[in-house]
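Marked as substrate binding site by Swiss-Prot: Ser45, Thr67, Tyr259. Residues or ranges marked as NAD(+) binding site in Swiss-Prot: Gln127, Val128, Asp147, Thr176, Asp233, Gly258. Here Swiss-Prot flags Arg209, Glu238 as active site, drawing on sequence analysis. According to Swiss-Prot, the feature active site, proton donor maps to His255.
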Amino acid sequence: MKILIDENMPYAAELFSELGEVIAKSGRTLTADDLIDVDALMIRSVTKVNAELLSQANKLKFVGTATAGMDHVDQALLKEKGIFFTAAPGCNKVGVAEYVLSCLMVLAQQHGFSIFEKTFGIVGAGQVGSYLAQCLDALNISYLLNDPIKEQEGDSRSFVVLDELLEKSDVITLHTPITRDGEYPTHHLIGQKVLSKLRNDQILINAARGPVVDNQALKQRLLKQDGFKAVLDVFEFEPDVDMELLPLLSFATPHIAGYGLEGKARGTTMIFNSYCEFLKRSERADPQTLLPIAPIPNVRLNQQWDHSTLHNLIQLVYDVRKDDAVFRKEITTVGAFDKMRKDYWDRREYSAITITGTQCCDLTPLQQLGFTIEEV
């Protein structure tokens, strides 16, 4: 049995080698010929699964994507061909939410505002948007939700229309898939018309899919230099990056918001376990058993934590400025976008830090945020 995996999928080679012959290749450059005699294909979001790629897939029975997003896969085509498909919904939700919080903490420090006084506008209330809302609840930060599809489906949460969210939010953070059809397409959801309405004190963050934001329109908006700020982890035509847009961004990173080590381990193990079920095999993987010990110290609190403490804890785990600096330095090199993703450092989640303190420290909000807590 031949299993073709993306070479940049952590832990995949060691796990899938238990089930058959593993072939590792670059996910972005896969061709139809690569799928000849392949039984299973394990990918990430850089691989477009379409008719062209599958044209020589004479034995393919299973496709798994170790990502939460699925818009890179033609699911209708797989169903038509009788090929089983699975994804890893929610695998990266923690990493993306922590990325957003890191960006806001640094911007708050740089520009002298408090995120606790801001209203967040979360566009897309799926796995990632919902987890970010959970984090904001833990910190008692106000937010608005926009997701017309979930609202139509009867989701009991309180939603607002996009125009209201754009008007009332200080921070607009995008967590939608990319869709071009249907009643609520997200392609260029944030285009020239929307951008022209945004205030100069607002912040836009896109850690969803690049084409959700019209990058040319965003560039023109930022060229006004009136205080409006934008953070992009994804780009409309990635791996190509508009080098005129880049210096206008507050932070820019190569599609790594959800690239925490825990998230990647979750994604790989989720599709591994699904493939084992498909094969009726008994093997199962637990992401926690794959993770190395985090090189992050335990933290002891001797008094009630405050906003400054929280800022320090968040930056101890992940400081977006590190990735931003590397991105700006390396992006002009040929192939840099994918290389930075391939060589990405072992970033951890809040859960990798154990915070020790007494009951008087009120550690519950930190626990709800994801930190590991020990009361003494």
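Keep in mind that glycine also has a Cβ here, set from the backbone N, Cα and C atoms.
Sequence features, as recorded in Swiss-Prot, placed on the structure.
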{"residue": "Ser45", "record": "substrate binding site", "contacts (Cβ under 8 Å, 6+ apart)": "Thr65, Thr67, Gly69, His72, His255"}
{"residue": "Gln127", "record": "NAD(+) binding site", "contacts (Cβ under 8 Å, 6+ apart)": "Ala68, Pro89, Gly90, Lys93"}
{"residue": "Val128", "record": "NAD(+) binding site", "contacts (Cβ under 8 Å, 6+ apart)": "Ala68, Gly90, Asn92, Lys93, Val96, Ala97, His175, Ala207, Ala208, Gly258"}
{"residue": "Asp147", "record": "NAD(+) binding site", "contacts (Cβ under 8 Å, 6+ apart)": "Val123, Gly124, Ala125, Gly126, Gly129, Asp155, Phe159"}
{"residue": "Thr176", "record": "NAD(+) binding site", "contacts (Cβ under 8 Å, 6+ apart)": "Val123, Gly124, Gly126, Thr186, Leu189, Ala208, Arg209, Val212"}
{"residue": "Asp233", "record": "NAD(+) binding site", "contacts (Cβ under 8 Å, 6+ apart)": "Tyr99, Ile205, Asn206, Ala207, Ala252, Thr253, Pro254, His255, Ile256, Ala257"}
{"residue": "Glu238", "record": "active site", "contacts (Cβ under 8 Å, 6+ apart)": "Gly210, Pro254, His255, Phe337"}
{"residue": "Tyr259", "record": "substrate binding site", "contacts (Cβ under 8 Å, 6+ apart)": "Asn92, Gly95, Arg341, Tyr344, Arg347"}
Number of Cβ atoms other than its own within 10 Å, given for Gly258 (NAD(+) binding site): 24
Neighbour-count leader, CB within 10 A, active-site residues: Arg209, His255: Arg209
Residues within 8 Å of the Ser45, Thr67, Tyr259 Cβ centre (excluding the substrate site residues themselves): Arg44, Val46, Ala66, Ala68, Gly69, Asn92, His255, Gly258, Gly267
For Glu238 (active site): DSSP state (helix, strand, coil): coil
